[in-house]
(Lines of atoms letter the chains of each structure in order from A and count residues from 1; the text may use other names and numbers.)
(Lines give C-alpha, C1' and ligand atoms only; values in the text may rest on other atoms or scores of the structure.)
Protein backbone atom coordinates (compact mmCIF):
# COMPACT_ATOMS: atom_id res chain seq x y z
CA UNK A 1 0.00 0.00 0.00
CA UNK A 2 1.23 3.48 -0.82
CA UNK A 3 1.78 5.60 2.29
CA UNK A 4 -0.03 8.48 0.64
CA UNK A 5 -3.37 6.67 0.65
CA UNK A 6 -2.91 5.73 4.28
CA UNK A 7 -2.41 9.40 5.16
CA UNK A 8 -5.38 10.45 3.02
CA UNK A 9 -7.57 7.90 4.80
CA UNK A 10 -6.46 9.25 8.18
CA UNK A 11 -7.08 12.86 7.12
CA UNK A 12 -10.57 11.89 6.01
CA UNK A 13 -11.28 11.43 9.73
CA UNK A 14 -10.28 15.03 10.40
CA UNK A 15 -7.41 17.51 10.48
CA UNK A 16 -4.10 16.27 11.85
CA UNK A 17 -0.42 17.19 11.91
CA UNK A 18 2.55 14.97 11.12
CA UNK A 19 3.19 13.32 14.47
CA UNK A 20 -0.53 12.62 14.94
CA UNK A 21 -0.67 11.00 11.51
CA UNK A 22 2.34 8.82 12.23
CA UNK A 23 0.87 7.65 15.54
CA UNK A 24 -2.54 7.00 13.98
CA UNK A 25 -1.00 5.13 11.04
CA UNK A 26 0.98 2.81 13.31
CA UNK A 27 -2.04 2.29 15.56
CA UNK A 28 -4.24 1.43 12.57
CA UNK A 29 -1.70 -1.09 11.25
CA UNK A 30 -0.97 -2.65 14.63
CA UNK A 31 2.58 -1.21 14.53
CA UNK A 32 3.38 -3.67 11.74
CA UNK A 33 4.37 -0.81 9.42
CA UNK A 34 6.48 1.69 11.36
CA UNK A 35 7.00 5.11 9.76
CA UNK A 36 9.62 7.70 10.48
CA UNK A 37 8.46 11.28 10.69
CA UNK A 38 10.54 12.20 7.65
CA UNK A 39 8.47 9.83 5.49
CA UNK A 40 5.28 11.40 6.78
CA UNK A 41 6.25 14.99 6.05
CA UNK A 42 7.78 14.13 2.68
CA UNK A 43 4.54 12.41 1.67
CA UNK A 44 2.45 15.32 2.98
CA UNK A 45 4.52 17.74 0.89
CA UNK A 46 3.86 15.68 -2.24
CA UNK A 47 0.16 15.44 -1.44
CA UNK A 48 0.01 19.20 -0.98
CA UNK A 49 1.88 19.75 -4.25
CA UNK A 50 -0.65 17.50 -6.03
CA UNK A 51 -3.59 19.34 -4.47
CA UNK A 52 -4.78 16.34 -2.45
CA UNK A 53 -4.26 17.98 0.95
CA UNK A 54 -3.75 21.51 2.17
CA UNK A 55 -1.73 22.82 5.07
CA UNK A 56 -3.48 25.06 7.57
CA UNK A 57 -2.02 27.78 9.76
CA UNK A 58 -0.03 26.93 12.84
CA UNK A 59 -2.00 26.28 16.00
CA UNK A 60 -1.05 27.84 19.37
CA UNK A 61 1.32 24.95 20.02
CA UNK A 62 3.24 25.72 16.82
CA UNK A 63 1.91 22.66 15.03
CA UNK A 64 0.80 22.83 11.40
CA UNK A 65 -2.18 20.56 10.72
CA UNK A 66 -3.28 19.31 7.31
CA UNK A 67 -6.70 18.57 5.90
CA UNK A 68 -7.84 16.57 2.90
CA UNK A 69 -9.19 18.39 -0.18
CA UNK A 70 -12.03 17.41 -2.50
CA UNK A 71 -9.45 16.13 -4.98
CA UNK A 72 -7.91 14.09 -2.17
CA UNK A 73 -11.29 12.58 -1.32
CA UNK A 74 -11.82 11.64 -4.97
CA UNK A 75 -8.37 10.01 -5.17
CA UNK A 76 -9.03 8.11 -1.94
CA UNK A 77 -12.43 6.90 -3.16
CA UNK A 78 -10.84 5.68 -6.40
CA UNK A 79 -8.16 3.82 -4.46
CA UNK A 80 -10.70 2.06 -2.25
CA UNK A 81 -12.78 1.11 -5.32
CA UNK A 82 -9.83 -0.27 -7.31
CA UNK A 83 -8.64 -3.86 -6.68
CA UNK A 84 -4.96 -4.29 -5.90
CA UNK A 85 -3.26 -5.73 -8.98
CA UNK A 86 -0.22 -8.02 -9.06
CA UNK A 87 1.89 -5.27 -10.63
CA UNK A 88 1.15 -3.03 -7.64
CA UNK A 89 2.34 -5.50 -5.04
CA UNK A 90 5.96 -5.52 -3.91
CA UNK A 91 8.26 -8.01 -5.61
CA UNK A 92 8.74 -11.23 -3.66
CA UNK A 93 12.30 -10.80 -2.40
CA UNK A 94 12.39 -14.31 -0.93
CA UNK A 95 11.49 -16.01 -4.23
CA UNK A 96 14.09 -13.91 -6.04
CA UNK A 97 16.70 -14.74 -3.39
CA UNK A 98 16.13 -18.49 -3.74
CA UNK A 99 16.24 -18.28 -7.53
CA UNK A 100 19.58 -16.48 -7.35
CA UNK A 101 20.92 -18.87 -4.71
CA UNK A 102 20.41 -21.77 -7.12
CA UNK A 103 22.80 -20.24 -9.63
CA UNK A 104 25.33 -18.59 -7.33
CA UNK A 105 28.58 -20.54 -6.74
CA UNK A 106 29.32 -21.36 -3.11
CA UNK A 107 25.74 -20.87 -1.89
CA UNK A 108 23.98 -23.85 -0.28
CA UNK A 109 20.36 -23.44 -1.32
CA UNK A 110 19.18 -25.95 1.30
CA UNK A 111 20.76 -23.88 4.07
CA UNK A 112 19.13 -20.73 2.71
CA UNK A 113 15.71 -22.42 2.70
CA UNK A 114 16.11 -23.86 6.21
CA UNK A 115 17.36 -20.56 7.64
CA UNK A 116 14.39 -18.72 6.19
CA UNK A 117 11.96 -21.38 7.40
CA UNK A 118 13.27 -21.05 10.96
CA UNK A 119 12.78 -17.28 10.84
CA UNK A 120 9.30 -17.63 9.32
CA UNK A 121 8.17 -20.12 11.96
CA UNK A 122 9.47 -17.80 14.67
CA UNK A 123 7.49 -14.90 13.17
CA UNK A 124 4.39 -17.09 12.93
CA UNK A 125 4.67 -17.97 16.61
CA UNK A 126 5.01 -14.30 17.55
CA UNK A 127 1.98 -13.24 15.48
CA UNK A 128 -0.04 -16.09 16.98
CA UNK A 129 0.90 -14.96 20.50
CA UNK A 130 -0.22 -11.42 19.67
CA UNK A 131 -3.56 -12.71 18.42
CA UNK A 132 -4.05 -14.95 21.45
CA UNK A 133 -3.51 -11.97 23.76
CA UNK A 134 -6.19 -9.96 21.97
CA UNK A 135 -9.41 -9.18 23.80
CA UNK A 136 -12.92 -8.45 22.63
CA UNK A 137 -12.27 -4.75 23.01
CA UNK A 138 -9.32 -4.67 20.61
CA UNK A 139 -9.61 -2.76 17.35
CA UNK A 140 -11.02 -5.07 14.65
CA UNK A 141 -8.73 -3.49 12.04
CA UNK A 142 -5.69 -4.54 14.08
CA UNK A 143 -7.04 -8.09 14.40
CA UNK A 144 -7.62 -8.30 10.64
CA UNK A 145 -4.05 -7.19 9.98
CA UNK A 146 -2.68 -9.80 12.39
CA UNK A 147 -4.80 -12.48 10.68
CA UNK A 148 -3.46 -11.40 7.29
CA UNK A 149 0.11 -11.65 8.55
CA UNK A 150 -0.52 -15.09 10.06
CA UNK A 151 -2.04 -16.39 6.81
CA UNK A 152 0.84 -14.92 4.78
CA UNK A 153 3.55 -16.50 6.94
CA UNK A 154 1.70 -19.84 7.04
CA UNK A 155 1.67 -19.82 3.24
CA UNK A 156 5.36 -18.90 3.21
CA UNK A 157 6.25 -21.84 5.47
CA UNK A 158 4.25 -24.23 3.25
CA UNK A 159 6.00 -22.86 0.18
CA UNK A 160 9.43 -23.29 1.81
CA UNK A 161 8.55 -26.91 2.66
CA UNK A 162 7.55 -27.38 -0.98
CA UNK A 163 10.87 -25.84 -2.11
CA UNK A 164 12.89 -28.16 0.10
CA UNK A 165 11.00 -31.24 -1.11
CA UNK A 166 11.38 -30.16 -4.74
CA UNK A 167 15.11 -29.60 -4.31
CA UNK A 168 15.52 -33.07 -2.79
CA UNK A 169 13.58 -34.67 -5.67
CA UNK A 170 15.64 -32.75 -8.21
CA UNK A 171 18.90 -33.78 -6.55
CA UNK A 172 17.80 -37.42 -6.38
CA UNK A 173 16.80 -37.42 -10.05
CA UNK A 174 20.16 -35.98 -11.09
CA UNK A 175 22.01 -38.59 -9.04
CA UNK A 176 19.96 -41.43 -10.57
CA UNK A 177 20.56 -40.08 -14.06
CA UNK A 178 24.29 -39.77 -13.42
CA UNK A 179 24.45 -43.32 -12.03
CA UNK A 180 22.55 -44.73 -15.00
CA UNK A 181 24.92 -43.06 -17.44
CA UNK A 182 28.00 -44.52 -15.76
CA UNK A 183 26.50 -48.03 -15.76
CA UNK A 184 25.81 -48.18 -19.54
CA UNK A 185 28.12 -50.96 -20.92
CA UNK A 186 30.48 -50.17 -23.75
CA UNK A 187 29.15 -51.40 -27.09
CA UNK A 188 31.12 -54.17 -28.81
CA UNK A 189 32.91 -53.03 -31.98
CA UNK A 190 31.01 -53.67 -35.16
CA UNK A 191 32.39 -56.51 -37.30
CA UNK A 192 33.60 -55.63 -40.80
CA UNK A 193 33.68 -58.31 -43.53
CA UNK A 194 37.07 -59.00 -45.21
CA UNK A 195 37.82 -60.02 -48.77
CA UNK A 196 38.01 -63.67 -47.67
CA UNK A 197 34.54 -63.53 -46.18
CA UNK A 198 35.79 -63.41 -42.60
CA UNK A 199 34.87 -60.61 -40.26
CA UNK A 200 37.18 -58.54 -38.17
CA UNK A 201 36.36 -55.90 -35.55
CA UNK A 202 36.41 -52.26 -36.68
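From the backbone N, Cα and C atoms, a Cβ is placed for every residue, glycine too.
Copied from TrEMBL, the annotated features are:
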DOMAIN    7-77  domain 'Transcription regulator PadR N-terminal'
DOMAIN    91-167  domain 'Transcription regulator PadR C-terminal'
REGION    171-202  region 'Disordered'
COMPBIAS  193-202  compositional bias 'Polar residues'
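Summarising model confidence by region, the domain 'Transcription regulator PadR N-terminal' (7-77) averages a pLDDT of 89. Across the domain 'Transcription regulator PadR N-terminal' (7-77), DSSP classifies residues as 37 helix, 7 strand, 27 coil. Under DSSP, the residues of the domain 'Transcription regulator PadR C-terminal' (91-167) split into helix, strand and coil as follows: 63 helix, 0 strand, 14 coil.
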